[in-house]
Amino acid sequence: MTASSPSPGSPAAKSGTSGTAASGARSGAPGASAAREATLNIAVRKARRRLVPFMMLLYVLAFLDRSNIGYAQQEYMLDTGIGEATFALGAGIFFVLYAFLGAPANLMMRKIGAQKWIGSIAVAWGLVSACMAFADTPAKFLTIRLLLGVVEAGFFPGMIYLSSIFFPAKPRAYVMGLFYLGAPLALALGSPLSGALLQMHGFLGFPGWFWMFLIEGLLAAVVGCLAFFYFDDGPRSAKFLTPDERIVLAEAVEGEDSGSGVKSTLKDAFTNARVWTLAMAYFAIQVAVYGVVFYIPTQVARLLGESVGFKVSLVVAIPWVVSLIGTWWFSKNATTPDRQRIWSAGLLLAAGLSLGLSAHASPILAIAALCIVATGVIACQPLFWTMPTNLLAGAALAAGIGFINTWGAVGGFVAPNLRVWFNEIFDTHQSSVAGLWAVAAVAILGSFIIVALKNRKDVGIESDVA
């Protein structure tokens, strides 16, 4: 995204004719800089109030639809005859095509606009997720999980890209942190919701997991319909801003790209060494995330000596409620690039160590350790995502986010299978100790990768991506 004058027929040009703060700043009028800054602050607050709650809601539904198989695991496997290896494959197969579609999906969103793109994929993933209610054989299970990854591939990188075109760099980490609250919120609210829906077992002759998949999927489809009318494609076309605010906000974001020294091209998203390093770090983060998310209900059930149901789901919600608070606090206070990098690495390291230790602790201490795990794997991510958005611009940013997210998707595929592989090798199916430590080791390695990254000014990024 490079700063340029809007075309005569564009909304920006039309609104610019009466833009007092924007035109005053350009003309060098006394006090224009202060007026422009005040207008920018108002525009950012409006954008945050308008966009972030709906972004969070969509993320809640997306994360719930991809992870709710963890709550249904025990009953679902028993009713359908699906074994542990097939379940792990199905949990991970979501990410197979998802991994390769993130970058092209973001380029498509950049071409057709956020409004049409986000609405379309939200409706699609909701309907596909609802079809899980009819997946009563291994073949159907694997097919629907694969398709769910296809239709959901463009959502998350699209949200990161949307935040990069609506918010300047300084408030972006906080905005991403608020958006990321959708993940623990999905798990904190989704845990008792899924547990309650599982209690509908036998209603109209269907098992509880049938109602859970059907209702949660259709809910996402309904909310997706609203996205067609809610989002705008960028600051210059934002209906919730005044003409002055549109110009000032758009020029603030575009000015950062053109003045940052980052002259990135599309190929930089795939060839720059730092982008690859970020991709490997995000791979490790997602191994940690999905090594926990898909299995925490059964881990807690084992700790309590119960089957997964409403009681267990309430306990499962505790770590995610704690992570809500932690994610908000770390995102709000990580205000510098160094702090974002170091804190992201530290959170991931704490998550890895706590995950391994949770396999050896008493139930109460294990739940406490899982609170640290949940906070670490969620709170590190909005801090992490400030790094690529400061590295690339324009089409390269859209593709780079997709590329990094692709490697995260690979991590999501590896995570459940890694647990099964290590449990099989070390024959620990009852306690899953080996699988837990395998995931923990990847998280710890990822923390060292993140902390090794330097700021752009320290490494001369302009020469790296010239």
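Glycine is no exception: its Cβ is also placed from the backbone N, Cα and C atoms.
The annotation region 'Disordered' is assigned in TrEMBL to 1-31. Residues or ranges marked as domain 'Major facilitator superfamily (MFS) profile' in TrEMBL: 51-458. TrEMBL lists 51-73, 85-105, 117-135, 141-162, 174-197, 209-231, 275-296, 308-330, 342-359, 365-384, 391-414, 434-453 with the feature transmembrane segment.
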Using a Cβ distance cut-off of under 8 Å, indicate which of 117-135, 141-162, 174-197, 308-330, 365-384 has the most pairs with the transmembrane segment (51-73).
174-197
How about the transmembrane segment (85-105) with the transmembrane segment (141-162) - do they touch, taking at least 3 C-beta pairs under 8 Å (6 or more apart in sequence) as contact?
yes
Residues of the parent chain within Cβ reach of the transmembrane segment (141-162), under 8 Å, 6 or more residues beyond its termini:
51, 55, 58-59, 62, 65-66, 69, 80, 82, 86, 89-91, 93-98, 101-103, 105-106, 108-110, 114, 117-118, 121-122, 124-125, 128-129, 131-132, 135, 176, 179, 231, 385, 389, 397-398, 401-402, 405, 409
Two-stretch contact, the transmembrane segment (209-231) and the transmembrane segment (117-135), at least three Cβ pairs under 8 Å:
yes
Checking distant contacts: for the transmembrane segment (308-330), what same-chain residues at least six beyond its ends satisfy Cβ-Cβ under 8 A?
71, 73-75, 177-178, 180-181, 184-185, 187-189, 191-192, 194-196, 198-199, 296-298, 300-301, 343, 347, 367, 370-371, 373-375, 377-379, 382-383
Across the domain 'Major facilitator superfamily (MFS) profile' (51-458), average pLDDT on the 0 to 100 scale:
84
